[in-house]
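A.B. asks: Okay, these came from TrEMBL:
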COILED    224-261  coiled coil
DOMAIN    173-225  domain 'HAMP'
DOMAIN    265-329  domain 'PAS'
DOMAIN    404-625  domain 'Histidine kinase'
DOMAIN    778-895  domain 'Response regulatory'
DOMAIN    929-1029  domain 'HPt'
MOD_RES   Asp827  4-aspartylphosphate
MOD_RES   His968  phosphohistidine
TRANSMEM  12-34  transmembrane segment
TRANSMEM  153-175  transmembrane segment
Amino acid sequence: MVVSIKWKTILGIALIELLFLGLLIWQAVQYLSVSNQAALTKRASDTVELIESVVTDAVISVDLATLDEVTRQVAELDEVVYVQIVDSSGLLAAAGQLPSSQVAVDADFQAASDGVYDTSVEITESGYSFGRLELGISVSSLHGLIAEAKQRFIVIAGLELVLVALCSWVLATLLTRRITALRSAAQAAEKGQWVALRADGKRDELSQAMQAFDHMTEALRDREQRLNETIASLVDRNDELERQRQEMATLERESQEAHMLKSSIVDASLDALVSIDRDGRIIEFSKSACDILGWSREEAMGQDMATMIIPPEYHEAHQKGMAKFLATGEGPLIGKRVEVVALHRNGLEFPIELALMASHLEGEVIVTASLRDISERRANEAALIEAKSTAEQASLAKSRFLSHMSHEIRSPLNAVLGALEVLNQGSQLSPDMEKMIRIARGSGNALLHVINDVLDFSRIEAGQVEIREETFDLGPMIREVLTAMMTRPAKPDLTLAFLADASAPLNVCGDPDRIRQVLTIFVDNAFKFTEKGSITVVPTLEEEGGESLWKVSVYDTGPGIPENMIDAVFGEFEQVDAARDTGYGGTGLGLSIARQLVGLMGGRVSVTSAEGKGSCFTFTVKAAAAVKKEIPQPVPSRTHVEVGVVVAAKGLSLALADWSRQTGLSLAGTAAGFQGELNWLDGQSSAEQRILIVDSETLPALSGRPDIANQWRILKVGESTIAPTIQALGAGTLFPERLMDAVFEPSRVKPTGVEAESKWAEASALEPDDGAPDGSQHLLLVDDVEANRLVAGEVLRRRGYTVDYAENGEEAVSMAALKPYHAILMDVRMPKMNGLEATEVIRGGDGPNAATRIIALTANAEKSEIDRCRSVGMDDFISKPFQIARLIASVTQTKTGNEDSAMTTDTAVFANEDVLSESALAQLAADTSWETIPMMLSIFVREIKTRRSAVDAAYQAGDVSEVREQAHALKSCSGTYGGARLSAVAKALEYAAAEGQTDLLPGLVTTLGVIADTTENAYSAKMTELEAKIASD
């Protein structure tokens, strides 16, 4: 049984107290007994002596009565048991409880076993004994007193013992509580939980012990922490050592594997591997080295590498290289791959490819050489070089052939087409002859188209196409391409539509020439396969991958493409089928050329089609990142006119719907035919006019719907063949202005047949006008082909020019030295002296034509040819076969020594255009009101001043791009307000700036200034006139 220190303390104190109290009680009882015994003894003695003194006389006298009385009185005393007086004769007197036997005197109270203390005294007188007095005193009271005292002492001792126990328990508890805390702290410390006892500053031993324990635990905690850190460090170190051990084991294994792999690689390598030490002795010689160099491994090991492998003439260089490497650590061939010559065992030298690597291992230098026998490769390279040279010569021959073919075909083709144009316009021909001429011209143009396709494809294939990047408005280009397309053979049931808002430029970033070519290919392809319906160009702006792109889609209503042929249409020499090859012609290169050109500009092409439902060819081009915005023209509200669109062609339907929204008209609805939901056709409307636009496919459905004709004015795209009440837009191009005329001024709409559109340019080019030369202006025409000279000379002569002829460059130089010419038309390729050399001579001299305009005439239309012409000082470039209008336009821009004269000539070019169009102002008034026209004209006049100043500033700063931007803005707003002449010269300036014809810019900028002043004055006067009229009304 385990007794706690608390109970040990309590029991120990209790035992000590018990012993002490027992001793104290014993001492007290003893003292009480002795003292009471002494007192009783003395009392007994005194009592006996007193009685003895009293009865002595009575005894002597044997006074029994006295004796009886005295004994009786004595016996009545407390604690006296008996008293008797005896003499020699016997008992004299007695009282009390006499003893039964003779009284034996007790020595002390302890001897009174019978409870009576017996004492006696001799009664003597004068030394003589007369008797004896015997007295018995009871000791029971004494014993009772002592017993009572003992009992009280024991009770007091018990109470004291209890109090001492309680005090001991309290003191032990106080003592053991801190001991318990010390024990708990020790147990916690054993578990790693450090508890501070905090003795509260007491100075007793236990507090000091607790403080010492705290110091000890703190020291142990610090030591444990350090020990834990040490253990953690040891664990980490142990883990690191284990990891290093594993790494070492892995490295050892990998080293063994690498050694085995190296041995396998060295043995399996087709290259010879030879390693040498710092003394040049071979320490490694691979199997391939044995095969390539002819030495066995046993023969090579330990031998001097230089004497075995390096030809003698290179020994000195090798020794110098090794000495430099050992001294500096650098060598001429270390870390490089070179081709050198090695020595075979048989003494023959052969070419090798050598790579040297150096390594340092424990102070040792090892150089490893990788040798590859390149004898066969050298032979193959020689063969490849020879083949390459042959291929380059073949490619050069091909290029020369294409160039010659271009010239040799284009030059006679130029004469043929030119002669046909002259015949067609200059003679009275029978209808059959005119038909034959038209057929010949069509065949010639088709041949020219084939030649251009082949040459373009060859240039693309040869990587000779250069792409430039410019920002320009795509809208005018689309209109020009569509307009030019209508000069093709007549298709009276076909409409070419482009209905984008002209006031919102389609600013793109790309090569204008290439984009025009791609657009022409797509539109030409659609025109070729579409006999009726529509071809619609729809541009849309899209975001793709954070980049803005213009997606240009060309929709047609042609026969469509079978699904299995869609993927092949962009291939080379591909057409849908053989039957269509025969029916429609072409090389099958156009779409392939378009795909490659668009790809070079970073775009893509695609096609969607369904057989019998038409096609949609699409290409993408980057939108201009930042373009100066023009002053927006207010779009008048025209909701009093409601438009509905029911056409079969998807592209045309989209374009018409967009046009309606752009022009402020109320769009009732669109539908692809008269099927499906067309509730809007019968619905009530508050519009003043309701115009329904249909086409040839949807129009027949109206025959069963007379109610529609009563509610809507029918406007048909194309020629009308159904009823006289249906207004037709006519075949040809459909632009916004024609559609606006059809909606608001039906009387102004005129069919645009092919004959009306295609012959104007030819007639205007061949027939002299009021401003044509009168024969005083001399031109020099230089061409080695007589047919070309005759055709071009006749065209120019009919325009009023006097033409001199030269057959080659030498004649041209001689004639140019004799008199001044207004212009020189120079063929490039001629015998004796070509046109480039002749131009250099003329420009380099001080003759009368050193500054005369020289126009290049060549069948080679490649950009490199154009650059060569410009580099020698030619001012313009016309490709054969040339268009007569293009030739006349270039000649008209002739430079002279008199700048004013040039200005006057340039201005005359635009003299046929209106300065101020009254009809345009009337249209504006109809669209808005006459009251708002003066305010609008003031804005226009201010715009003329702003744009003209901007053009001048940009031209002075040499910023051709800004000149183009400002000219474009001026062209657009001038056309809106009816300033046709200013719009025309601004368009010419824009084109010249876009095409890089910087030599034309001075005259056009000056002309723009003159016409701008004229236009500004005319519109200012008109504004004043209208303000006065409005005020008077």
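Note: Cβ is positioned from N, Cα and C throughout, glycine not excepted.
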A.B. asks: Write out how many residues of the domain 'HAMP' (173-225) are helix, how many strand and how many coil, based on DSSP.
C.D. replies: 39 helix, 0 strand, 14 coil
A.B. asks: Tell me, roughly as an integer, the mean pLDDT over the domain 'Histidine kinase' (404-625).
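C.D. replies: PLDDT averaged over the stretch: 78.
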A.B. asks: Roughly how many Å separate the Cα of Asp827 (4-aspartylphosphate) from that of His968 (phosphohistidine), to the nearest whole number?
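C.D. replies: So the Cα of His968 (phosphohistidine) lies 34 Å away from that of Asp827 (4-aspartylphosphate).
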A.B. asks: Could you list the residues of the same chain, at least six apart in sequence, whose Cβ is under 8 A from the Cβ of His968 (phosphohistidine)?
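C.D. replies: Sequence-distant Cβ neighbours: Phe472, Asp473, Pro505, Ala986, Glu990.
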A.B. asks: Near the Cβ of the residue listed as '4-aspartylphosphate', how many other Cβ atoms are there if near means within 10 Å?
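C.D. replies: The answer is 28 other Cβ atoms.
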A.B. asks: Are there residues at least six beyond either end of the transmembrane segment (153-175) with Cβ under 8 Å to its Cβ atoms? List them, or say none.
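C.D. replies: Sequence-remote neighbours of the transmembrane segment (153-175) are 5-7, 9-10, 13-14, 17-18, 21-22, 24-25, 28-29, 206.
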A.B. asks: Using DSSP, break the domain 'HPt' (929-1029) down into helix, strand and coil residues and give each count.
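C.D. replies: So the counts come to 92 helix, 0 strand, 9 coil.
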A.B. asks: Could you pull out which residues elsewhere in the chain have a CB under 8 Å from any CB of the transmembrane segment (12-34), counting only those six or more residues past its ends?
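C.D. replies: That would be 109, 142, 145-146, 149-150, 153-154, 157, 160-161, 164-165, 168.
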A.B. asks: Looking only at the domain 'PAS' (265-329), what are its DSSP counts of helix, strand and coil residues?
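C.D. replies: DSSP classes over the domain 'PAS' (265-329) add up to 37 helix, 11 strand, 17 coil.
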A.B. asks: Just to be sure I understand, if DSSP states are collapsed into helix, strand and coil, how many residues of the domain 'Response regulatory' (778-895) fall in each?
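C.D. replies: Split into helix, strand and coil, the domain 'Response regulatory' (778-895) gives 49 helix, 25 strand, 44 coil.
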